[in-house]
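Before anything else, here's the structure in question.
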Amino acid sequence: MRNYRSPIGKMTPGVEVDREAPVVRAATVAEGADVAEQHTGVGHQRGARPWPLPRRIATLSVHTSPLHQPGTGDAGGMNVYILEVARRLAEANVEVEIFTRATAADLPPVVEMVPGVHVRHIMSGPLGGLTKEELPGQLCAFTAGVLRAEAVRAAGHYDLIHSHYWLSGQVGWLAKERWGVPLVHTAHTLAKVKNAQLAAGDRPEPKARVIGEEQVVAEADRLVANTKTEAGDLIDRYDADPTRVEVVEPGVDLARFCPASGDRARAQVLARRRLDLPERGYVVAFVGRIQPLKAPDVLIRAAAALRQRDPALADDMTVVVCGGPSGSGLERPTHLIELAAALGITDRVRFLPPQTGDDLPALYRAADLVAVPSYNESFGLVALEAQACGTPVVAAAVGGLNTAVRDEVSGVLVDGHDPVAWARSLGRLLPDAGRRAMLARGAQRHARNFSWDRTVKDLLDVYGEAVAEHRTRLSDFATCSR
């Protein structure tokens with residue numbers, strides 16, 4: 001491989017390092033896409049890998065299982081990420097064993113998710129009744145279960161550990177020392193970032209989590225960030241070594257999330273019938289866990305503000321809130337229903353449980369707009385899924401949403417969470433069919449730049465580099481010890 005200086009300062013052999021920027025692994029230009037519309041403008045392309053693929057990976061996901069339904073409890077975008085990545089790693093002949101906490105008595109110890117991917121349930125604490133915030137007290141039991149599972153294997157069974165979220169990173173830190181393999185870590189969310197952008201009345205993340213994240217950042221061989229924004233947070237807020245931070249953008253299942261064939265208006269009507277939504281008028285959908293961080297209340301308040309601004313338009317709009325309570329939202333599971341009643345817009349708000357199978361793409365196609373008003377997102381898979389279905393997104397201009405949505409191309413980014421500002425954006429977009437059609441076309445083009453196949457290709461580069469560097473350190477140590 002030719003030595004060169006990356007445009008953003010990646011350390012390559014024999015080259016001076018720019019410590020102010022991480023690596024961005026950019027996608028190649030999608031077939032038929034406009035180069036000017038590519039979401040990532042920096043990075044480097046690689047030829048054949050100069051290192052072997054890892055044979056087997058231990059994936060750690062303490063607090064949530066990829067088998068759980070996204071949109072309920074603690075299951076969300078991270079579940080989708082782990083599931084989609086594991087499937088495609090198996091297709092690339094890399095075995096994946098996912099370790100997660102057992103949460104029900106009827107769960108088998110091991111589930112084969114697809115050939116080459118196994119989910120192993122680790123007994124650690126009570127099966128039910130523990131919140132994510134209470135799980136640090138069970139990390140010792142979980143770690144013991146992981147180490148015992150590996151102890152019956154032949155030495156060198158795993159080539160690498162990939163931990164997800166800080167709880168798993170703590171387990172991975174110990175396992176990497178015990179097994180003598182590199183640790184790759186993806187944070188998915190960061191306490192310091194969440195605490196800097198708290199919703200009103202939401203609980204701040206505890207100091208113990210901040211300390212735990214700092215420890216994992218210091219110990220991981222590679223840190224995978226979803227976007228350049230998250231990479232910057234790791235470097236600036238957690239003092240991560242930029243040469244160990246790699247940006248690998250998540251993807252979307254373009255076969256599942258795609259525009260309906262045929263006439264769009266007819267397809268929208270059919271999707272609304274499927275979900276028992278009004279066939280006429282406008283539909284604005286929120287999809288996600290019901291918790292202050294995701295800010296579904298901002299959308300409901302915006303609907304009420306729109307009624308003050310344009311009563312006729314507001315009465316022609318239905319807000320759909322799709323998801324289940326999670327996190328601090330569990331403390332007030334009926335809060336949004338009560339809020340809609342207090343604002344006098346109960347007749348304009350519909351609540352749906354998390355959607356599975358073909359019903360989730362149908363919901364995106366049924367909507368005229370999908371709203372993502374979160375206070376923070378490391379990426380925002382919902383925004384990407386909606387755009388892949390050809391539905392423009394109105395999103396808060398925070399975190400990874402600045403990457404997931406291209407402002408005025410695939411949707412609209414709103415500064416802040418003022419319901420009046422959100423009502424203004426909705427009021428401008430909904431009646432303007434021409435502008436929404438333009439954004440719908442841009443949304444499809446933008447989403448085509450993301451795929452899980454590309455994500456896994458880039459992750460394999462990260463894995464290979466981590467394994468190669470680890471083996472070099474071992475070789476150097478052995479040489480020095482002679």
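A Cβ is built for glycine as well, from the same backbone N, Cα and C atoms used for every other residue.
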In Swiss-Prot, the Mg(2+) site includes TYR364, ARG365, ALA367. Which of THR334, THR391, THR403 does it also list there?
THR391
Using Cβ atoms only, which residues of the same chain lie under 8 Å from ARG209 (1D-myo-inositol 3-phosphate binding site) while being at least 6 residues apart in sequence?
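The answer is TRP166, ALA191.
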Whole-number Å distance between the CA of ARG365 (Mg(2+) binding site) and the CA of GLU385 (UDP-N-acetyl-alpha-D-glucosamine binding site)?
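Given the Cα positions, ARG365 (Mg(2+) binding site) is 10 Å from GLU385 (UDP-N-acetyl-alpha-D-glucosamine binding site).
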Per residue, counting other C-beta atoms within 10 angstroms of the C-beta, which of the binding-site residues GLN355, THR391 reaches the highest number?
THR391
Just name the winner among HIS63, ARG289, LYS294, ARG365 (the binding-site residues) by count of other CB atoms within 10 A of its CB.
LYS294
Around the Mg(2+) site (TYR364, ARG365, ALA367, THR391), what further same-chain residues have their C-beta within 8 angstroms of the site's C-beta centre?
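In sequence order, the nearby non-listed residues are GLN268, ALA271, ALA285, PRO361, LEU363, ALA366, ASP368, VAL370, ALA386, CYS389, GLY390.
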